[in-house]
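Listed in Swiss-Prot:
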- 10-30: transmembrane segment (TRANSMEM)
- N35: N-linked glycosylation site (CARBOHYD)
- N47: N-linked glycosylation site (CARBOHYD)
- N69: N-linked glycosylation site (CARBOHYD)
- 85-105: transmembrane segment (TRANSMEM)
- 112-132: transmembrane segment (TRANSMEM)
- 144-164: transmembrane segment (TRANSMEM)
- 175-195: transmembrane segment (TRANSMEM)
- 205-225: transmembrane segment (TRANSMEM)
- 272-292: transmembrane segment (TRANSMEM)
- N305: N-linked glycosylation site (CARBOHYD)
- 311-331: transmembrane segment (TRANSMEM)
- 348-368: transmembrane segment (TRANSMEM)
- 375-395: transmembrane segment (TRANSMEM)
- 406-426: transmembrane segment (TRANSMEM)
- N433: N-linked glycosylation site (CARBOHYD)
- 441-461: transmembrane segment (TRANSMEM)
Amino acid sequence: MEGATTKPRLVPSTRFALSLVMFFGCLVTYMMRTNMSFAVVCMVNENKTDTGVEKVSRCGKEMTPVESNSSVIGEFDWDKQTTGMVLSSFFYGYIGSQIIGGHLASRYGGKRVVFVTILGSALLTLLNPVAARTSEYALAILRAAIGFLQGATFPAMHTMWSVWGPPLELSVLTGVTYAGAQIGNVIVLPLSGFLCEYGFDGGWPSIFYIIGVFGVLWTAVWWYVSSDKPATHPRITPEEKQYIVTAVEASMGKDTGKVPSTPWIKILTSPAVWACWAGHFAGDWGAYTMLVSLPSFLKDVLGLNLSSLGAVASIPYIAYFLAINAGGVLADTLRSKGILSTLNTRRAAMLVALIGQGIFLVASGYCGCGQDVLVIIFITCGMAISGLQYAGFVVNYLEIAPPFSGTVMGTGNTISALAGIISPAVSSYLTPNGTQEEWQMVLWLTAGILTIGALLFSIFASGEVQPWAKLTAEEGHEMAPLREGEKIELATA
């Protein structure tokens, strides 16, 4: 049992330090992913591409092209189709490497995969200004290449947590790790707004230079402090190493160093896996809709100008970050104290997260003129409550298929990446004039998808390691010499 081995403190510890380094890795990864969404606002000269017709009145205020673009004059004369091509190109690359990332991490180690993908993304990010000034097609190809590299990053991190994360600490450790993505969003929005106006080389290029350098520096730290497994980490204490190895082996078997073959048929026919994928797609639909469309929604409904947009749009992501970590602590506490089983903890997290987000988003769409603060409160609450999903499907990947968590999550990321392509296009199609009624349709659609995803997850999810994921010695793991009751207790507490 897990209690048979003395539990070393989580803070400070090597496993928690690894989660902090991964936190900053996710932070810089998301900064490189989302920088274009905001930079393009000051890259494109809307005065030249606008039809000259005044925008729809926002609560009685007519927004002319000059007013809506602040003091920034864009360098490029791109129309909306070109801008959309540049913004969506990332996801066309992103969708192509998810499964590869999990497989490579299992075979060669997550440390190397994360290092190569983030370093490559950082170097290509530094080339964004050169590509943009060459042609919009060169920029789109470059963004697709960045997406391809980043597609392998998160499955590789998940693969590492399958061997680094004791089952009863997974919610906290993965929560800290992936919360970095939200802080990346918080930083990149106001940073981009500031650099657009005051940055060097024309303003917007400095966004890519600064973030790219940050990415390169992070990879140097990562290579020094990380290790594929606790057994190979040079600075971990013997007590912590033994605790992690014993806890992980109790649920997935003893690692023999062999690389197991992936049971694709069993994965693709597993209801528990499809439950994660359904929740994953729904959660990402909501996230991508808000990530790409939130600035436009706030501008259309509230009439915010460029200089204030970044700061306001960051507020929901701060709440999101706090909720992810609080949810992880709460989930692990409920499980360790026996208040809820693993399965019911994951169900509760997904139902509250996704349905709650949908309710708040729909409510925000019905706020009237003069209720700007209320709109922001609703959006913030919706984003915050959605952070509980990190204690749902995200951790559940590690619980149902520890040896194949990177591959299974990578496949889920491939499916959910479609949301990154489809949801912005749907939002643009439904909001040609940016009216409140049009945005209400977008928010109702998002709420419907969130609800369906939460229900499917709750019906078909599992809290136990699936039979096909409990490996034998021939398949790469030797089952630990523990009683069956002990294995189940650790995996499903």
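Including glycine, each Cβ sits where the backbone N, Cα and C put it.
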Lowest local Cβ density (other Cβ within 10 Å) among glycosylation sites: N35, N433: N433
Distance, N433 (N-linked glycosylation site) to N35 (N-linked glycosylation site) (CA atoms, angstrom): 25
Contact check, the transmembrane segment (441-461) vs the transmembrane segment (85-105), 3+ Cβ pairs under 8 Å, seq sep 6+: no
Contact ranking winner - 112-132, 348-368, 375-395 against the transmembrane segment (272-292), Cβ under 8 Å: 375-395
The transmembrane segment (112-132) in contact with the transmembrane segment (205-225), cutoff 8 A, at least 3 CB pairs, sep 6+: yes
Positions on the same chain near the transmembrane segment (175-195), where near means CB under 8 A and six or more residues out: 16, 19-20, 22-31, 33-35, 38-39, 42, 154, 157, 161, 203-204, 206-207, 210-211, 291, 295, 306-307, 309-311, 313-314, 317-318, 320-321, 324-325, 327-329, 387, 390-391, 394
